[in-house]
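Novice: Mind looking over this structure? Questions follow.
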Amino acid sequence: MRTALTINRSWRALGAFTALVASSSAAFAAGIGQPVPWQMDRQVAVTENAREIHTFEHGLHWLSLLISLFVLGLIVWCIYRFSEKRNPTPSRTTHNTAIEVAWTIVPVLILVAVAIPSFRLLRVQLSDPKADVIVKVIGHAWYWTYEYPTDQGGGFTFDANIDEDKQPKLLATDNDMVVPVNKVVKVQVTATDVIHSWAVPSFGFKIDALPGRLNQFWFKADREGTYYGQCSELCGQRHAYMPITVRVVSDQAYAQWLTEAKTKYARIEGGSKFADAR
Ligand SMILES: [Cu+2]
């Protein structure tokens, strides 16, 4: 009887696990640039910068693991080797120049080894390639405004508020930012009230939106899809409710969207921008 119960329980657990995996992959299929249930790693990287960040981070984790195991090994060895039973008369050594030099120089070398790829990554991030598309992003409490300049086929402005009826929950907006795939997109970021931060994990992109200052960063997404981000600087009561949705589309789809957007957002330029804001 007990065996039958155990088997039954195992099957139920297996069923629950399968359902969990199925729901995770369903969520994954829904959109690539978003978190998924039970996610243990970063969101998928679709820019060179994001991939480099992930590689660097993984390298650091392995290095930390090695150092932790080494220290743990030393501690365990000391506990075993120098216990009262095995080492009844403790050594009275207080200095050992060779060891002191080693434990100073080795960590310095490790830090230098970490600094080299770190600075290389920073140099790539601070490079300033020629922009194919420029978008101005303005943070407000608590929504984002996107401006597409006239000289690039734009000439319109729109607000992106959270759309709580859409999925993924708390990440979808009523109006999405749209950019072409495989193009250098420069994002100029500022704010009108308090400090916000415009961040999209899949692009390896995060930059503060500061009132009175124009910050700039760029990304070049090499995979079409919808990517989500959130304001990443605590900015008040509805900080958690000002998400970022970016659709990366083909050149043709982008050109078509520009044409449609000019009509769709024309009314906003007429002065109803603030009236529409939440
Ligand atoms: Cu904010």
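Note that Cβ sites are derived from N, Cα and C of the backbone, with glycine treated the same way.
TrEMBL does not curate its annotations; it predicts them automatically.
Given the structure is predicted, the values throughout are model-derived calculations rather than measurements.
Taken from TrEMBL, the feature signal peptide applies to 1-29. Annotated domain 'Cytochrome oxidase subunit II transmembrane region profile' per TrEMBL: 34-129, in sequence order. Residues or ranges marked as transmembrane segment by TrEMBL: 60-80, 101-122. Under the heading domain 'Cytochrome oxidase subunit II copper A binding', TrEMBL lists 130-260.
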Novice: Within the domain 'Cytochrome oxidase subunit II copper A binding' (130-260), how many residues are helix, strand or coil going by DSSP?
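Specialist: Computed counts for the domain 'Cytochrome oxidase subunit II copper A binding' (130-260) are 19 helix, 62 strand, 50 coil.
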Novice: Express the predicted model's confidence over the domain 'Cytochrome oxidase subunit II copper A binding' (130-260) as a mean pLDDT, rounded to an integer.
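Specialist: Average per-residue pLDDT within the domain 'Cytochrome oxidase subunit II copper A binding' (130-260): 93.
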